[in-house]
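Peer 1: For 526-545, 566-585, 597-621, 641-659, 685-708, 720-740, 746-768, the entry in TrEMBL reads transmembrane segment. Per TrEMBL, domain 'G-protein coupled receptors family 3 profile' is recorded for 526-790.
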Amino acid sequence: MAFAVNEINENLQLLPNITLGLHVRNNYFNNRETYRATIQLLSTKNRFLPNYKCDSRNNLIGVIGGLEAETSFYIATLLAIYNIPQLSYGSTSARNEKLSGLSFYQMVPNEAQQYKGIFHLILHFKWTWIGIIAVDDERGERFQQAILPLFSQNGICVAFIEKIIQVSKLEYYFEMMKEGLKNFEVVMESKANAVVLYGDTGSLSYMRASVKFSELGFTQAIPKGKVYIMTIQMDVASYYYQRKWALQLLHGAVSFRVHTKEPPGFQQFLLNRDPLWTKGDGFIREFWEQAFLCQFPDSPLDKGFDQACTWEEKLDSLPGDAFEMNMTGHSYSIYNAVYAVAHALDAIYSSSCGHRRMMERKKCNLLRQPSWQLQRFLRTVAFNNSAGDKVSFDTNGQVVMGYDIINWIISPNQSILKVKIGEFNPEAPADQGLTLSEDGITWNSWFNQTQPLSVCSESCNPGHRKKMKEGEPFCCYDCIPCPEGKISKQQDLDDCITCREDHYPNRGQDQCIPKEITFLSYEEPLGITLVAFVVFSSLTTGWVLGVFIKHHSTSIVRANNRDLTYCLLICLLLCFLSVLLFIGQPNRVSCLLQQSIFGMVFSVAISCVLAKTITVVLAFLSIQPGSSMRKWVGKRVGNAIVISCSLSQAAICCVWLATSPPFPDVDMHSQTESVVLECNVGSVTMFYCVLSYMGFLALVSFMVAFLARKLPDSFNEAKFITFSLLIFCSVWVSFVPTYLSTKGKFMVAVEIFSILASSAGLLGCIFAPKCYIIILRPELNNRDQLIRRKGQ
């Protein structure tokens, strides 16, 4: 204040020919003394007489103070009677009905803006488990009511809320310290590493006293490093007996401060102060003794200090908790308050006296202007101070200004270094209001210079999700892996998500991988193997057919119904070749032809086998004496059996293709890591009808062949047919459960294997013995041999 007044009096452009003075009163943190000090300011100098003014040179034009909200209210209620403006430099309590209509101005921004700054700071460091220590009064309650909803709406939980008890009587001091030790234990034992402190300068003394008592053994709690987030009204001020109390508690703390710039010349002004300069300053000698722990020889009272003051002590040698050489936030607010009053007075002077002639201007007495005029000009004042900052008030009488964010560094010798690490601009957009230089932050040594974590539970890594702990806040949870088939890409997700159908989770379950498109192709080993077997089987079948055609006139070919044999071999050849429809990328044509051709060709083949077996039986029965079966012997019966059985299967296939034909489909679910291109059978019922009909024909053929197995050798190929159909039935009975239990392209492979195995069984069991006789034992392939064997 003295520095600002001195600057204004030396400034020829501001209030020319007018000298400002100041009175300083101490309220001793007491409400009664606050009233007394205010009345003294309203009275004539050296007289305690309110409403009586006889000294025009000492008119009161404004009051700057106080530091606390309650103190400011007591001052404002008296000043409002005289309409004298009050500029509070430390009170940040929200304006309420108590101050409405009073001549009250605040040199600090609206407290709600500070709450937002604290919230954004905590959000920036991703601290979700926060402790709160607040003064136990109306201010503390208002702070909690404002900050707690902000926390809960944004995923921040409160680990504890402790109260700082304030006492006005000495007999309650022990109770206050007992409560302070309990608070200290709660803070030290909590997992919350970030603690918000809401209070005033006395609150920090309360915290330091708790640490001191813990060092003396009054509690078993082990001191731990914490990050204390302090509001703008909190600062360190040590009494002489507290000078040796440790300040390491605050090392690495972060505090908010009204945006501050140091005016030029302030440091030099402080260095020039000494106790010899006592004119009009009743505090400097008292301050000097308390700060340097010394006593002047002519001091009227014995302070109990052993050291004598030499008048050569330097302010810049004091520790930070005793005196700060830099301009603090409170000092900057006082500085701006003095200039605000001066600029308002200058505006009054310019409007009331500036336009008059020189002679009349000398008669213009600024001090006679009514105080309500100062109120009018003070509300609209706007100026740039010597540090370059613009100062103005909003419609509520609160200064328009942002916040600095300060990092407290406590050195081993207890000196305090306050480093600006960022700013908070309440007027900026929400995502741009906070600016921080994280590299410039010094954390408490407990954290080894790494950014502290303040969480109830460690973050759940991708691939896991949170599981709430019963009976605890939502910030406390366990981490469990995502269920099978789900993923979580980010940390701390409440639930895992399912991948799209064409994607699948990776092994870590933290991302979705596109599924590979797969089908039974010609390029893969399985496809190549199957094609090779198809080619070999087809060539073998063709070779057998060629052998039979070449030896068509021989006895063994003619004896076993030559036409049905040709038909059966051609059908087996087509069965082998039909497998190629199942290999390769499915399309509409291949899907339509696969099952229908397979069903038709196989039905014709089984019909031929059935016809051959029945022909053998009829031929045997016809040679019995008096048999009436001779009229059934011939090609007509065999042809009729083949045609009728084949037409029945054809009818089933036509109904299938007409009602619900097979079609190309995509199977995304049967295999986790691949999308299977397949042919959907359309109607499952019709598919199994085709298989059932083939099975029925095979079963009938097997029964007839089994009954005819003991017929004379010359006619008998029934026992070979029996073996072939036994293989056929075994393959297709095994096919059904295997097919149903297989997924993806292996379902196609199972069906192909069944076709190849059953076809090879028919080819091998029926035709291998005949080829053996035709090729290797031609001497057995003649009519005489057949007659001789018949006779045997």
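Positions of Cβ are set from backbone N, Cα and C atoms, glycine also.
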Peer 1: Can you work out which residues elsewhere in the same chain, 6+ from the ends of the transmembrane segment (526-545), have a Cβ less than 8 Å from its Cβ atoms?
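Peer 2: Hits for the transmembrane segment (526-545): 520, 566, 569-570, 572-573, 576-577, 579-580, 583, 749, 752-753, 756, 759-760, 763, 767, 771.
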Peer 1: Any chance the transmembrane segment (720-740) and the transmembrane segment (597-621) are in contact, meaning at least three CB pairs closer than 8 A with a sequence separation of 6+?
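Peer 2: Answer yes: the transmembrane segment (720-740) meets the transmembrane segment (597-621) with 3 or more Cβ pairs below 8 Å.
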Peer 1: Of the stretches 566-585, 597-621, 685-708, 746-768, which racks up the most C-beta pairs under 8 Å with the transmembrane segment (641-659)?
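Peer 2: Selected stretch: 597-621, with the most Cβ pairs under 8 Å.
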Peer 1: Which of 566-585, 597-621, 746-768 has the most Cβ pairs closer than 8 Å to the transmembrane segment (685-708)?
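Peer 2: Between the stretches 566-585, 597-621, 746-768, 597-621 has the largest tally.
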